[in-house]
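These come from TrEMBL:
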- A:1-35: region 'Disordered' (REGION)
- A:1-13: compositional bias 'Polar residues' (COMPBIAS)
- A:42-65: repeat 'WD' (REPEAT)
- A:88-108: region 'Disordered' (REGION)
- A:133-172: region 'Disordered' (REGION)
- A:133-147: compositional bias 'Polar residues' (COMPBIAS)
- A:182-217: repeat 'WD' (REPEAT)
- A:387-406: region 'Disordered' (REGION)
Amino acid sequence: MASNSNPLDNTPSLRPHTTLHSPTPNTRAWSSRAHPSSAAPLLATAASDKSVHVWDMRDWRLLSTISGGHKRSVRCVGWKDYGRRTKRTRTDTDAGTVGAQEEGQREGQQDPVILATGSFDANCGLWVWNTNNSASEPSQQQVQTVPGSFDEDTDTAEQDFTHTHTPNEADENEEWHFSTLLTGPDSEIKDLQFSPPHYGANLLATCSRDKSVWVWEEVEAEEWETVAVLGEHTGDVKCLGWCGGARTTRAGLRRRLRRRWGEGDADADVDAGGGDEEEKEEEIVLGGRELLASGSYDDTIRLHHDDEAEGDWITIAVMTGHEGTVWDLRFEGHVNLASYPDGTSEEEVIADWEPRLVSCSDDLTVRVWRKELSEKERGEKRMRIAEAKRGQERAGAANGEAAPLQTGFASSRLPSVIRPPTSTEKWVEEASLPGVHVRTIYALDWSAKTGLIVTCGGDGLIAVYRESAASASSAAEDVVMNGTAEHNEQDQDAGDIKKLKTEWRVVAAMEAAHDEYEINHVCWAPVRDQRRQLDAGEVVDSSDRDDEEYIVSTGDEGDVKVWRLPREVLGQIRQDL
Amino acid sequence: MDNRELANANPVVLNPSDLPTRKRLSASQHGEGKSSSIFSFPTTTLSSDPLYHSDVSEASDSDVESDAEDIDEQEIYDLIATMSDPEHPITLGALAVVSLPDISIKPTMPHRPESPLRTVTVLVTPTIQHCSLATVIGLGVRVRLEESLPARFRVDVRIKEGTHSTAEEVNKQLADKERVAAALWNPTLQSFIKKMLETCE
């Protein structure tokens, strides 16, 4: 990649969709998150005015403001993700296969909408949306003040900022019901995240300036217990990420592979938005396992998991390499097929694919990390891939013997006796994204839908990166990866997939995205607009909306901005989806 | 903190008439007392700055942004030199904790000449090597500048190289936006900073 010229020259710009103005202008907003379900088209913004602003993503109105709970800046928000309601549909359930039924979309209405808020007041609050009185009647905005603030006895010496507000009587019609207060960390909560929907337990991770990561479990409805306090970091813990894996379907993978190799009439079902067949097919989760990553002021990233042998949460990997605070990180949730060679089958991809991790830092770099397999793991993976190759040749490979090949999530639910023994993992830096930021990179997100990475920072830049097959010249040096660091000629047996080289390019950017202000947060968000007309003169049909995502950025001036990808980028990624 | 012994009971104090001011330009060239060596730092000399005569530049430039170009190192200095040391009723300027040659203003995005973003870098010289208040002073300087300057300014406050035993640690804290923001919610630090700002204006 040419780094001597400015990579942003001739890069297409993001298209502004809308701006959500803070009700308290010129007050820093820290971060925003969209609810994952279409049943709750909500976007929450954490602000330094001690409140959370909740927007309706269908028309971008300010729906409600949750205030009165936290006594200091709200730093982060998170939504509980129920996913598509999953239901075992077969008795001989495949390991790693979770039956996803269409009821999911309908029953999703019944899942409570739960928001977690983390604040500089060292507390984490859980809030439940009162759906009886909510977006169904888009009336006027409500400002909700919680009667009395959280009990705060940890810093009694400090001034109580909340005594200035007038406590209201509890309102039966309140939009947000305060559910639970999680206390324990000694200082500012900096990030939090609910565990992915397919984990065995409902977990919430929080991290704090006190160098700790706390893992909480909902043992009964609205009853949370601390299950782990991880204190290995030597500085503030800035960011967290659960390894959710990639949710996909066999048919989806097959169609994308065919399309990639230009086989068959793949266009037909792509244009139909994936096809009904795919919708009905069982969802599989690749590479999802109970694994938590944390990034810190100590410049390192640590991976933690609940170790059955130890009976406790332990750190299993440490990534060093960043030369500054690690501000944000995210596991990969999209299977990028760019590195798979011609002829790879979906079963081979399923046997091979493992999520990587991306991180950004004060050192102005964005790095992609991958797990380096041990000899034993490489052997096991080769066996799985070889078996997938054989299975592919047999008719009816999709059932029966193909099942044990899953690397899917449910494999971690196997009895401990047949689980691989715990060992530490080695994660290595695989790639560094093109350096386009000149000030601290505060946040990033890795789209589970498109595989695009977006970053933002103190320089007011939003950049979007795409990984694709390397250009012809560099692709000549094909390399066997399979999760190993170096390519070894003798390893290329039946169980190896000869991976192609990929490279990351900046495909879209927005300079001065919040004018002269710093951008504290950026994330991908689903399109929920009711209006079909997204911008002047452009009518977007439903299939367009289905595969498009917004970029949501949150700035120092308090505004939240919603962006669309440039048309040419949408065109590029559609070819691969 | 009340019973704390002063970190530096007898700091060197400069004569106020030796401090650089807008009115006596020449003073900035030789008014730094003990730290004459720091002139190796290539600071913008006011006399050669075409935008120094702000009235002229405004008239000659129709660009809206020209207003902002008025802010120069001297103005930054004036904003922070009047702050007082948290433990002495003496200004940071008089203590030579901040000095004009240790202030620089540079384009934040050199590859984008049209960008209005500017990075102000202030190097702070603690009165003694182990000054426990270096972080607080740096925090005060950063907060003062962030509150006074337009949003297009990025403020970097660092300990001047070789002047403090834990400079690296302090610098990392001062560079961390989140920690700075969080610190401002801390009543103890708030009162420190309030005290430092008492002597301003």
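Cβ atoms here come from the backbone N, Cα and C positions, even for glycine.
Within its own chain, the region 'Disordered' (A:1-35) is flanked in space by residues 41-49, 51, 53, 55, 57, 60, 62, 65, 73-79, 113, 434-436, 443, 461-464, 503-511, 513, 520-521, 523, 525-526, 534-535, 550-552, 554-569, which lie at least six positions past its ends and keep a Cβ under 8 Å from the stretch. Residues 72, 75-84, 86, 98, 114, 116, 118-126, 150, 154, 224-231, 233-245, 285, 288, 290, 292, 294, 296, 298, 304, 313, 409, 412-413 of the same chain lie 6+ residues outside the repeat 'WD' (A:182-217) yet bring a C-beta within less than 8 angstroms of a C-beta in it. Applying DSSP to the repeat 'WD' (A:182-217) sorts its residues as follows: 0 helix, 18 strand, 18 coil. When the repeat 'WD' (A:42-65) is classified with DSSP, helix, strand and coil residues number 0 helix, 16 strand, 8 coil.
Predicted-model confidence for the repeat 'WD' (A:182-217) is 96, expressed as mean pLDDT. Note: the region 'Disordered' (A:1-35) comprises 0 helix, 13 strand, 22 coil (DSSP; helix = H, G, I, strand = E, B).
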